[in-house]
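Let me begin by presenting the structure, written as structure tokens, before commenting on it.
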Amino acid sequence: MSQRLLQNQLTELAEKFGTPLYVYHAEKIKEQYEKLTTAFQHTNTVFFYACKALTNINILKYIKSVGANVDCSSINEVKLALHAGFPPERVLYTSNGISFSEIQEAKELGVIINIDSLSNLEKFGQKYGHTYPVGLRLRPNIMAGGNLKISTGHDKSKFGIPVENINEIVSIVERYNICIHDLHIHTGSEIKDVEVFVKGIEVLFDLIPHFKELKFIDLGGGFKVPYQDGDSETNINLLAQKVGELFAAHPEASKLQVWFEPGKFLVSECGYFITQVNVMKETPAAKFVSVDSGFNHLIRPMFYDAYHRIENISNPDGEKKRYSVVGNICETDTFAWDRELSEVREGDYLVFYNAGAYGFEMSSNFNSRYKPAEVLMKDGQAHLIRKRDEFSDLLRNQIEVL
Ligand code: LLP
């Protein structure tokens, strides 16, 4: 779609559904999924969508229809995936720090489970022995990812069982005759360097001989997507080539299926977040553009210093000027400092790109503001897939005792 058509479409949607508004293009998700399956067509690979990025039930159903499986980070995500129609064998629950009762619940639901602590592994062995195959979430001690907050595989990270605990792992597995069918790592988010995945594979290859019933190697998610002009994404073709070569060359790994858990790669670029300019404020320090949103709706810029491309779709050909784009909540909620935009006027619509992943999903009702509405564009049709909150939502679940 041309830039002008996109601007017109987003403007129409903002007028029809109001702002702030999240818009997702279904076909872009399919395109991203097909990039992966095409690149990996010669390797035995399966993709589990890391649904923590965006769990709207329609997105889950659409992901299912394009053929991906789903990776979950809580028992409620597991239940949403099942509600969306995924059969349990296509649902993976990669846990972290959860209670054993949640693992039991996941087992009762029949989904695939990755266990991330020695303590839960022991409890699992005591209760289920060899009766239910299970995966191990390991910490590979590799530093990678866009920034420390989204790096999960390094040697100070809470995630996974550290690989140096291999003797303890093996002793628990042998004691209870646990069937370990997959080894998992997830080193972080926004990993551009294919070598990071190669390093992870090498760490796991060293561990393979300890496990006799392995069927899968799960390399997690974290593929980088381009957030800025000129940015590039993880070279998926190169990754597929390296994975193919490494697995084929390894006698014990060549029969294993490779799993990935992409979140951002599938849904980041499909999403647009539309806001409207409430107020312009000129000060000696900056020209502030204050939009009808804040970190209550898109927290990535404030939480991770993440860059989101912003465009003034109401005046795309206007003179370029520099502005600081801020929100309307009672804290410093700067979306972008000193950013070039085409001339902004009160009432204009500003669009944030790459807003599909961890956008709506990390939104809140801070300042008692409503969460945005969500719209899915599919086959040229706009579908409202979540209503904007209304006042009663703010009181829902509160118990008025006074
Ligand atoms: N698998 C596991 C076990 C994960 O913990 C994650 C992300 C993924 C897969 C998917 O990673 P992705 O492909 O989306 O990079 N909220 C942050 C990102 C945190 C990611 C947490 N885990 C952000 O907005 O940048």
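Numbering starts at 1 and runs along the chain as it is shown here.
Heads up, the Cβ atoms here are built off N, Cα and C, so glycines get one too.
Noted in TrEMBL for the protein shown:
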- 27-268: domain 'Orn/DAP/Arg decarboxylase 2 N-terminal' (DOMAIN)
- Lys52: N6-(pyridoxal phosphate)lysine (MOD_RES)
- Gly222, Tyr358: pyridoxal 5'-phosphate binding site (BINDING)
- Arg300, Tyr304, Glu331, Tyr358: substrate binding site (BINDING)
- Cys330: active site, proton donor (ACT_SITE)
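Overlay of TrEMBL annotations on the structure.
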residue : record                              : Cβ neighbours (10 Å)
Lys52   : N6-(pyridoxal phosphate)lysine      : 19
Gly222  : pyridoxal 5'-phosphate binding site : 30
Arg300  : substrate binding site              : 20
Tyr304  : substrate binding site              : 16
Cys330  : active site, proton donor           : 9
Glu331  : substrate binding site              : 12
Tyr358  : pyridoxal 5'-phosphate binding site : 25
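A separation of roughly 33 Å, to the nearest angstrom, links the Cα atoms of Gly222 (pyridoxal 5'-phosphate binding site) and Cys330 (active site, proton donor). Highlighted here are the recorded positions (Arg300, Cys330, Glu331) whose C-beta falls below 6 Å from ligand 1: Arg300, in sequence order.
Inclusion criterion for the recorded positions Arg300, Tyr304, Cys330, Glu331: a C-alpha placed within 10 angstroms of the C-alpha of Lys52 (N6-(pyridoxal phosphate)lysine); this criterion is met by none of them. Comparing the Cα of Tyr358 (pyridoxal 5'-phosphate binding site) with the Cα of every entry in Arg300, Tyr304, Cys330, Glu331, these being the recorded positions, the smallest distance points to Arg300. Tyr304 (substrate binding site) sits 19 Å from the residue listed as 'active site, proton donor', taking the C-alpha atoms as the reference points. You'll find the Cα of Cys330 (active site, proton donor) roughly 17 Å from the Cα of Arg300 (substrate binding site). For the recorded site, Cys330 (active site, proton donor), the DSSP three-state label reads coil.
In this entry, Arg300, Tyr304, Glu331, Tyr358 make up the residues listed for substrate, with the farthest two CA atoms of the set 20 Å from each other.
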